[in-house]
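Pulled from TrEMBL:
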TRANSMEM  20-37  transmembrane segment
TRANSMEM  49-68  transmembrane segment
TRANSMEM  80-97  transmembrane segment
TRANSMEM  117-134  transmembrane segment
TRANSMEM  146-162  transmembrane segment
TRANSMEM  174-196  transmembrane segment
TRANSMEM  208-227  transmembrane segment
TRANSMEM  247-268  transmembrane segment
TRANSMEM  275-291  transmembrane segment
TRANSMEM  297-315  transmembrane segment
Amino acid sequence: MVATKPNASTPITGKMSPRIWFYSILLTLQYGAQPLISKRFTRREVIVTSSVLICEIAKVACAIILMAKDGSIKRLAKEWTLMGSLTASGLPAAIYALQNSLLQISYRNLDSLTFSMLNQTKIFFTALFTYIILRQRQSIQQTGALFLLIMAAVLLSIGEGSSKASSTGDPEQILFYGIVPVLVASVLSGLASALCQWASQVKKHSSYLMTVEMSIVGSLCLLASTSKSPDGEAIRRHGFFYGWTPLTLIPVVANAVGGILVGLVTSLAGGVKKGFVIVSALLVTAMLQFLFEGKPPSVYCLVALPLVISSISIYQKYPYKVKKKEA
């Protein structure tokens, strides 16, 4: 059996290129700083749906500018098809929309600690679906690194969410409207991440184009929900830009840039390594909170730090090696 030589789009299970490291570091910083930026520049009166929709518009604009810069827009007129778009971007976008709805249901019926711990299982499901769809295997050491990462994520979640008590004491409601939805959402998150990676690496779908398509689908779903949602009622009553100031654009644009970076990291490095970036960003948030708000990192954060560093080091150092098979 002859092994095919991986190309630039193939997921890198060993050392990452400087460009991937650059995108990953930028995404880590953006994701880690986003909570503080949003808290500082977004007034409480701002309607969430309005900020999300403007963010999606900004994301589309950024992606189109980048596509114009690299010359890929000219190829779209000849190569783009509706079916290809729905397969590559429509399905993941729909899955993410369903996932977000399940997370909202779960969060209302679980305490923050339980919710955050169960939500971290999406890292495992991302690795599982990456193997099922892309046959991307993990070495034993990499599997151990993933468990270290999950442990670190759980510790960080404990530090952030241990103060909120459970909102209900009904065991059946906790199970069927709390635990089950968050676990299904984690499965869907892993599936959508693997599908995005498949679309970019196998179907050669541009990460910028996927960003545009997924933003459009997500925006349409969000607009449809405003007919009955509280945010839709608030928009009709107070106006779309209620509570906005010029500074509100700062977190919106930052979030849009983060969306572009997520697409690039998923396309070039894969969904599993994106999970490492997201967990590492939690440490960045803790550090920034200490620097700018004087809030010292929790003991859980200090324990999680070496776990994250160790998991990243192990995952990079011990990639899965394909065994040569003789005919």
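Backbone N, Cα and C atoms are what each Cβ position is placed from, and that goes for glycine too.
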Legend entry - Chain residues outside the transmembrane segment (297-315) and at least six past its termini with a C-beta under 8 angstroms from it: 141-142, 144-146, 148-149, 151-153, 155-156, 158-159, 273, 276, 279-280, 282-283, 286-287, 289-290
Inset, instruction - Counting only CB pairs under 8 A, let me know which of 20-37, 49-68, 174-196, 247-268, 275-291 has the most with the transmembrane segment (80-97). - result: 174-196
Inset, instruction - Using Cβ atoms only, state whether the transmembrane segment (49-68) and the transmembrane segment (247-268) have three or more pairs under 8 Å that are 6 or more apart in sequence. - result: yes
Inset, instruction - Quick one: find which recorded stretch in 20-37, 174-196, 275-291 has the most Cβ pairs under 8 Å with the transmembrane segment (247-268). - result: 20-37
